[in-house]
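Novice: The structure is given below, and queries will be raised subsequently.
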Amino acid sequence: MLETLRERLLSVQQDFTSGLKTLSDKSKEAKVKSRPRTAPYLPKYSAGLDLLSRYEDTWAALHRRAKECADAGELVDSEVVMLSAHWEKKRTSLAELQEQLQQLPALLQDVESLMASLAHLETSFEEVENHLLHLEDLCGQCELERHKQAHARHLEDYKKSKRKELEAFKAELDTEHAQKILEMEHTQQLKLKERQKFFEEAFQQDMEQYLSTGHLQIAERREPMGSMSSMEVNVDVLEQMDLMDLSDQEALDVFLNSGGEDNTVISPGLEMESNPSQNEMNLQIPNPSESASQPPASPSACTDLDTADAPLIQADEEEVQVDTALVTLNTDRKSTPGVSDDSDQCDSTQDI
């Protein structure tokens, strides 16, 4: 169809060019024929000019229309080419579709066979899955039993080791406890002996000084014993008490001599209570600032009235019994030395 249209356009163009040639030839022949008639006839230039202009206009219009027709033909040609390509694709697709439609029955048979095989495979998979689940349960049970046995063995070993450690620890604690009890008994006895000895010496010294001079000089303080560093009796208040204003020394000497003759020991406090008019004793207690400024001294004043307590201390030393309360008391004294000093001070004041 496109080729026929192109042939027609070419034929029209050839006819148009041949017509133009014939027209030009005829005009030339008319000019040649009209030349010999120049003499008898006068030329009409205006008519020829009009005719020529009309021919030119006609030729220009024809040329323009021919050009427009050529452009339209090219456009139609391109569209026809595109349409032909499109319909060619459609034709090929229709041919393929026809072939595929012809293959549909075989495809349906294949699909049916695949469905049957899939159903068979599904049943097989279900059976295999059930067997795998059963196998997994068996494996889990075996693993659980194995872990139970391992944990049981580990627990038994742990119990045995802990029993051994507990027995060893108990034995060690028993030995340490027995050793500490013996040490504490020994240290307590040593402390009691040192305390008794210390108070006896202090009392003897103070008594000798009192018998020789008739009064106590507390200002002359003795250095504390090194062995009494852990059990010093803090009796600073009693140490700083001073006997002042002894107006009647002779009555006191008579009292002491009479006490020595009768072999009886009478407390000076009782003597003062019985004869307040004869013996006037003033106890002067210094201020806390003075006591703080003065250095601590040995507890010599506490032993002035300790003669009657010496047998009691010896009895306590003989009847010492160490128990758990003594152990805790010793540990508390070690942890808080200030508290132990206070307790020793209280004991000393009670003894006084």
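Cβ from N, Cα, C; glycine included.
Below are the features I grabbed from Swiss-Prot:
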- Ser11: phosphoserine (MOD_RES)
- 92-180: coiled coil (COILED)
- 243-256: motif 'Nuclear export signal' (MOTIF)
- 267-352: region 'Disordered' (REGION)
- 274-285: compositional bias 'Polar residues' (COMPBIAS)
- 286-301: compositional bias 'Low complexity' (COMPBIAS)
- Ser340: phosphoserine (MOD_RES)
- Ser343: phosphoserine (MOD_RES)
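Looking at the shown structure, what environment does each listed feature sit in?
Specialist: Its own atom aside, the Cβ of Ser11 (phosphoserine) has 10 Cβ atoms within 10 angstroms in the protein chains shown. In the three-state DSSP assignment, the secondary structure recorded for Ser11 (phosphoserine) is helix.
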